Amino acid sequence: MAGEELRGSSAPFSLSFSGSGFLALYQVGVVQSLLELAPKLLQSAGKVYGSSAGSLIAAAVVCGISLDDLKEFFFSTVKEVRNTILGPFSPKCSLLANIKAVLQQMLPEDSYQLASGRLHISLTRVVDGQNVMASEFSSKEELIQALLCSCFLPVYCGFIPPSYRGVRYVDGGFTGLQPVSSLEEAVITVSPFTGELDICPRDCPATFFCFQIFNGSIQISMENLLRISYALFPPSTVVLNDFFSQGYQDTVLFLYRNNAFGLNYCDGNFRFASMCGRNDFAQSSRTATSLCKMVPQCLSACVLAGLAVWRKQQVAGLQDPLSKVLLQPHGLPAAVRKGLKRLRGLLEGISSMVKRLQKFLQTVVPGLPKRAVARR
């Protein structure tokens, strides 16, 4: 979404939370960042879309659910799933029952009034497989049923789909992974999967190929494949907490790029109070990026990957100890130095292969001079 669209006070815009599974904690980090850094952005969103687990995050935004309580619910559910041999397929795990219980506890009594007209939940109708957007609710129970329908993944959550207003629906991600109601609508899209989206992880650009699936955009990469497995089969709470921090970080970078609503903290030299004075995020990023220009583009991937890890540590330093974001004594971040070390080993391996090829050519063509071999 263009920055100019954000600054227009009269131009309506919306938020869209994609299907995310257990990686919904990434979207919780996004919302946490917006609440702390750009609360007006959340308040000004005319419509908030959600699909599958993303609908729970959308409901939290619209109905004012505590993010700490929601985060704790995800962590407790992950621990329950990981303690069983079959994981989410275990009879002991009832994901839908847990979601229903926590919604009944967290949603206020007037939640259906807050949600009507503003919260749009993506559903997939069982009868004809068409996408349905639920946006009007007559009671709290009806709102909960719509959310349960959007989160119901067949077999994974059970065999009998729940119903909303007498019609059975399944996971909204099947027909609306990144839900929107109009292509002309200005929407800020949020997803834990890399793609052509506004707020999402930015993987190393080894491939730029994105494909459309279930009305959503996903980039083909090993990182995304790993994220999909995490969404269905949750990793440890430590890894999920990293996704929460990454969601916070990616939102900070989004606000920095777009200078949302012309806020003063998004100028070229902004920094956070918890960061050390000599830890210049922009300057260090430019320094590390310039190192990539010294090697071929195809070999700079590891340096960029190291830089991404270091950026993650910087923003994580907002809540973690300051030592995590300070530079190492040698002047370069440890992650970048590790990437350069791997790069040096790769170059030495290539040099060794060239020498072996040179010896082989001299054996095949005995009279061939060394310089001619080198030229070839």
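Cβ atoms here come from the backbone N, Cα and C positions, even for glycine.
Residue ranges 5-9, 50-54, 90-94, 365-369 are listed, and TrEMBL annotates 50-54 among them as motif 'GXSXG'.
Of the active-site residues Ser52, Asp171, Ser52 has the largest number of other Cβ atoms within 10 Å of its own Cβ. The DSSP secondary structure for Ser52 (active site, nucleophile) is coil. The average pLDDT for the domain 'PNPLA' (15-184) in the predicted structure is 94. Cα to Cα, Asp171 (active site, proton acceptor) and Ser52 (active site, nucleophile) are separated by 6 Å.
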